[in-house]
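Notes for the one structure printed next.
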Amino acid sequence: MSIPDHPEAVSQVAGEPSRSRFIVSYIVGFALFMQLLDSTVVAMALPAMARTFGEDPVRMNVVITSYLLSVSVFIPICGWVADRFGARNVFVAAIVLFTISSVACGLANSLGQLVVARLLQGMAGAMMVPVGRIVMLKSVTKADLMQATAFLTVPALMGPVLGPPIGGLITTFGSWRWIFLMNLPVGILGVIMACIYIRNIREEHVPPLDWKGFILMGGALAGLVLGFEMLTHGDASWPISSGILGAGAAALWLYMRHARRTEAPLIDFSLMKIRTFYASVVSGNFCRFDISASPFLLALLLQVVFGLSAVAAGMITAAGAVGAVMAKFLITPLFKQFGFRSVLVVNGMASGLAIGASALFTPTTPHLVMAIVLFVAGMLRSTQLTGINTLTFADISPERMSAATTLSSMLQQLAFSVGVGIAAVTLQASMSARGDTELSGFDVRVGIIVVAVLAAASAIGFSRLARDAGDEVSKHHTDERRRLDDPASGGHH
């Protein structure tokens with residue numbers, strides 16, 4: 001059972017003004033955008049950081065790796081911490097730590113200092129976004145879940161798309177330190193808004209922390225995420241990445257054994273028995289591969305193969321972010337009219353086609369045509385991810401929201417790493433098949449097609465959903481049911 005910290009917060013969520021409930025979604029979405037923008041923009045600044053610290057550019061990848069490791073280790077504990085100390089308290093503390101560690105990154109005078117700050121930033125990020133999602137889920141009714149989720153999905157898609165051009169602009173015309181320092185005003189605003197608009201709800205009965213499960217699952221997720229991330233470093237890292245992946249898989253197996261013998265395991269895999277949750281995290285992850293892989297592949301195609309500058313390439317890919325925003329106005333009526341199963345199946349296949357269309361780009365393709373294709377892909381991607389993220393919690397009871405958020409956040413984090421790993425492995429396999437060590441446009445196009453096929457394949461899993469899956473959330477057939485149940489309209493009971 002959830003209890004508020006203050007008596008005035010006892011009023012039911014359904015009784016709150018609609019606008020107030022959606023402000024919570026905007027606050028959480030803003031935090032999500034800040035984290036994802038930071039994660040993608042840093043890669044563009046690594047060469048400039050290397051020059052500042054006098055380091056080998058190759059070594060600078062530890063700046064990204066340290067952050068990924070920290071996020072992976074602490075995500076499994078986010079739900080328990082939110083239930084134990086209160087979701088708003090943890091969310092605000094995470095924003096504060098993320099902001100302070102961002103400032104520390106911007107003021108770092110050595111690679112070692114930067115890595116320590118990034119580790120703290122990763123720990124904060126692991127709490128900030130999943131706990132923010134818990135806050136949102138406990139602040140809206142099922143009837144408002146679709147619209148609230150749309151507010152979260154748009155920044156999630158915009159961050160990876162806008163990160164590279166923003167990073168290119170900052171490092172070209174300013175200092176890389178501003179990449180981190182710009183989080184300061186955003187973080188301060190986020191803390192103020194969270195304290196004003198978000199209620200602090202804690203669970204009344206929270207089991208003791210499963211320390212053994214935390215160590216095993218944190219190690220498993222860290223090993224799997226790091227292993228897939230290292231696949232992007234070329235052939236030389238494959239033996240190491242394979243070993244790390246093996247260690248992560250072994251830790252996961254040990255956790256599964258431990259969880260079966262524990263009364264209150266840290267991660268509740270029994271949630272996978274809920275059909276809508278299972279479809280959203282398994283079939284949905286085939287779509288999430290695209291979120292991390294497509295920006296990576298498009299950057300290679302536009303900058304390495306076509307020779308465009310980072311800023312010019314960023315202006316083209318930004319069309320995808322615009323499409324994601326525009327889709328927000330169509331998503332709710334679309335799912336209400338056709339339901340989850342129909343939209344996710346048709347839109348999943350259409351997303352695959354739109355992603356695959358970018359493989360047809362050539363150096364002579366007009367930039368406007370590229371932008372239009374990416375705009376359409378962004379709209380379809382936004383629609384698909386909003387539907388998936390809403391369906392994840394459509395049949396989850398309030399007392400299991402924290403557990404469901406933890407498990408889905410873990411699997412999403414893994415999917416993002418797997419997506420880039422699949423792209424990297426495909427590029428290497430294509431180059432090996434050609435007997436060449438130099439990347440070509442053909443290799444990148446093969447990678448894009450593979451990602452497109454995986455996104456389209458998600459439709460297979462969604463086609464197995466019940467016709468009325470998630471109807472309580474999408475309100476599909478609601479009007480028809482009311483007519484049938486209303487004797488005055490000629491219906492019957």
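From the backbone N, Cα and C atoms, a Cβ is placed for every residue, glycine too.
Nobody curates TrEMBL annotations by hand; they come from automatic prediction.
Annotation source TrEMBL lists compositional bias 'Basic and acidic residues' at 471-486.
Residues annotated as domain 'Major facilitator superfamily (MFS) profile' in TrEMBL: 24-470.
Under the heading region 'Disordered', TrEMBL lists 471-493.
Residues or ranges marked as transmembrane segment in TrEMBL: 26-50 (among others).
Per TrEMBL, transmembrane segment is recorded for 62-82 (among others). Here the transmembrane segment (62-82) has long-range neighbours at 39, 42-43, 46, 49, 90-91, 111, 114-115, 118-123, 125-127, 130-131, 134, 206, 209-210, 213-214, 217-219, 221-222, 224-226, 229, 266-267, 402-403, 405-406, 409-410, 413, 417, meaning same-chain residues at least 6 beyond its ends whose C-beta is under 8 angstroms from one of its own.
Long-range contacts of the transmembrane segment (89-109) within its own chain (CB-CB distance under 8 A, at least 6 residues past either end) are made by residues 28, 31, 34-35, 38, 78, 81-82, 116-118, 120-121, 123-125, 127-128, 131-132, 135, 177-181, 183-184, 186-188, 190-191, 194-195, 198, 200. If you look up TrEMBL, you'll see 89-109 (among others) marked as transmembrane segment.
Annotation comment: TrEMBL describes 115-136 (among others) as transmembrane segment.
Under the heading transmembrane segment, TrEMBL lists 148-170 (among others).
The transmembrane segment annotation in TrEMBL covers 176-199 (among others).
Here the transmembrane segment (211-231) has long-range neighbours at 64-65, 68-69, 71-77, 237-238, 240-242, 244-245, 247-249, 251-252, 254-255, 258-259, 262, 265-267, 410, 413-414, 417-418, 420-421, 424-425, meaning same-chain residues at least 6 beyond its ends whose C-beta is under 8 angstroms from one of its own. What TrEMBL records for 211-231 (among others) is transmembrane segment.
Listed as Cβ neighbours of the transmembrane segment (237-256) (distance under 8 Å, sequence separation of 6 or more from its ends, same chain) are residues 213, 216-217, 219-228, 230-231, 267, 269. According to TrEMBL, the transmembrane segment annotation covers 237-256 (among others).
Annotation source TrEMBL lists transmembrane segment at 308-331 (among others).
Under the heading transmembrane segment, TrEMBL lists 368-393 (among others).
Note on the transmembrane segment (414-433): residues 68, 221, 224-225, 227-229, 231-232, 234-235, 285, 288-293, 296-297, 300, 439-440, 442-444, 446-447, 450-451, 454 of its chain, located 6 or more positions outside it, place their CB under 8 angstroms from a CB of the stretch. The feature transmembrane segment is assigned by TrEMBL to 414-433 (among others).
Long-range neighbours of the transmembrane segment (445-466) within the same chain, counting only residues 6 or more positions beyond its ends whose Cβ lies under 8 Å from a Cβ of the stretch, are 275-276, 279, 282-284, 286-287, 289-290, 293-294, 297-298, 301, 340-341, 344-346, 348-349, 351-353, 355-356, 358-359, 384, 419, 422-423, 426-427, 430. Per TrEMBL, transmembrane segment is recorded for 445-466 (among others).
Model confidence over the domain 'Major facilitator superfamily (MFS) profile' (24-470) is summarised by a mean pLDDT of 86.
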